Amino acid sequence: MNGSRIAAVGHYQPAKVLTNEDLASLVDTSDEWIRSRVGIRTRHFAGPDEPVDELAGHAAAKALASAGLAPADIDLVLVATSTAEDRSPNMAARVAARLGIPSPAAMDINVVCAGFTHALATADHAVRAGAATRALVIGADKMSAVTDWSDRTTCVLVGDGAGAAVVDACPEGAEPGIGPVLWGSVPEMGHAVRIEGTPPRFAQEGQSVYRWATTQLPAIARRACERAGLTPADLAGVVLHQANLRIIEPLAAKIGAVNAVVARDVVESGNTSAASIPLAFSKLVERGEISTGDPVLLFGFGGNLSYAGQVIRCP
């Protein structure tokens, strides 16, 4: 087997949009305060009648349509999320039922903001090993449901949404479309990003996360490029976890992808956790900012102080 590839992508965001001015009516904040600290202008929020699997299902349906596939063509469903409403049935099974996928392996992966790139690597390994033929990989989170709306340092960050990718085998003779993953974590610092308590609430130690992301992750991201046989200058695109602009911009600069389009979807969508990478990537594809075959670094990081990155070829 030559390897696997991303055959198609899709994304979905709820219709409700909150501006910084809207948030200023809820907590002690302002448009200037938010934009100067995290670079976010707007975010999308799901309603109480829009569960996570509905967001995921919409994105997945778009990816399937783009790939020209029927639900029955999928035999593996992976959903990266940390905001599932229930422990069982899991989100992957719920999405499969929603879409009419008849008998897939269905698994959730909870690595918070790095979940999608972990799930993508898992799908790549499954397809290359022959354990799956076509995988549906989804990142979906409803961060508004786990937000403390009295904490202005976190409630201004979050948004809801989903992104999805179809992963299948590369055509005969083609180069692998998903490069080797570089992943890991810093367990002793896992408390720096948390969703805990009853009901669960998102909290983080912002300065610790910022220092880790901007000092430790650039070298790791460059190593992910090396594993794909590339340098950062070879990249056409960089899609980092959309944490906030104060992290994205220095991290991208230190990686050294001088010729790449850098996704900044956080400005319009906020931090959507596991959804942020597939959501931003799908938008770059949709807008034509990256082209078929272009090398793109996907690099997730966050909760558990986990990270996972790989270079993929644009579908």
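Cβ from N, Cα, C; glycine included.
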32-36, 152-156, 202-206, 242-246 - the one Swiss-Prot records as region 'ACP-binding':
242-246
Counting other Cβ atoms within 10 Å, pick out the least crowded of the active-site residues Cys113, His241, Asn271.
Asn271
Cα distance, His241 (active site) to Cys113 (active site), nearest Å?
7
Roughly how many Å lie between the Cα atoms of Asn271 (active site) and His241 (active site), rounded to a whole value?
8
